[in-house]
Amino acid sequence: MAKVLVLYYSTYGHIEQMAHAVAEGAREAGAEVDVKRVPELVPEDVARKSHFKLDQSAPLARVDELPNYDAIIFGTPTRYGNMASQMKNFLDQTGGLWMKGALVGKVGSVFTSSASQHGGQESTILSFHTVLLHHGMVLVGLPYAFQGQLGVSQVMGNSPYGASTIADGDGSRQPSPIELDGARYQGRHVAGIAAKLAG
């Protein structure tokens, strides 16, 4: 049985919803799954005034626990085509793990959200992949075997790089059923590959 960590940062709750869908999919594949988040960096009074979702139940992750997992599925909103600073801050603390090669051979995967269809989802995931490659992780995306990323009949996220959702500029759009299905599929897919690699 693979041990999977879903590690995310969510400002308004979109990535939080996707994270739980990813975890659900990984559990369906028989994995042992933990869902954790990285710390908020924005001062609490500013976050409250900006209507951040501060009641997220997932516990905070610690850098030193990352090697305990066979796979880590990361979730971050897009910030100008890159990961959020909260996630980058957490990853910047993994230098000690890099020095030891502690994540070499682990499965890494990424899901994201953006305000618009062209808001940088793919560049966010691809730039995130650079960090995972430096750690020697095995990259897994969302294959076209998931049919929910095909077609243009509706506004939707998801790409072969990873599951995604579109939040709209004011955050009013919630993850759609097809986007959540993509997240669940990615969770199942990653868990299945991690189980094979873990032997």
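Using N, Cα and C of the backbone, Cβ positions are placed for all residues, glycine too.
Per Swiss-Prot, FMN binding site is recorded for 10-15, 78-80, 113-119, HIS134, and the stated evidence type is sequence analysis. Annotation comment: Swiss-Prot describes TYR12 as NAD(+) binding site. According to Swiss-Prot, the feature substrate binding site maps to TRP98, an assignment based on sequence analysis. Among the features that Swiss-Prot reports, domain 'Flavodoxin-like' is placed at 4-190.
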Fewest Cβ neighbours within 10 Å, where candidates are the binding-site residues SER113, SER116: SER116
Residue among the binding-site residues GLY13, GLY119 whose Cβ has the most other Cβ atoms within 10 Å: GLY119
Number of Cβ atoms other than its own within 10 Å, given for SER10 (FMN binding site): 24
Average model confidence [pLDDT] within the domain 'Flavodoxin-like' (4-190): 97
Euclidean distance between Cα atoms of the residue listed as 'NAD(+) binding site' and GLY119 (FMN binding site), Å: 16
Candidate nearest TRP98 (substrate binding site) in space, where candidates are the binding-site residues SER10, TYR12, GLY13, SER116 and distance is Cα-Cα: SER10
Fewest-neighbour residue among binding-site residues, criterion Cβ within 10 Å, set TYR12, TRP98: TRP98
Reduced DSSP assignment, THR78 (FMN binding site): strand
Secondary structure at GLY13 (FMN binding site), reduced by DSSP to three states: coil
Other CB atoms within 10 A, centred on THR78 (FMN binding site): 24
Structural state of SER113 (FMN binding site), classified by DSSP into three states: strand
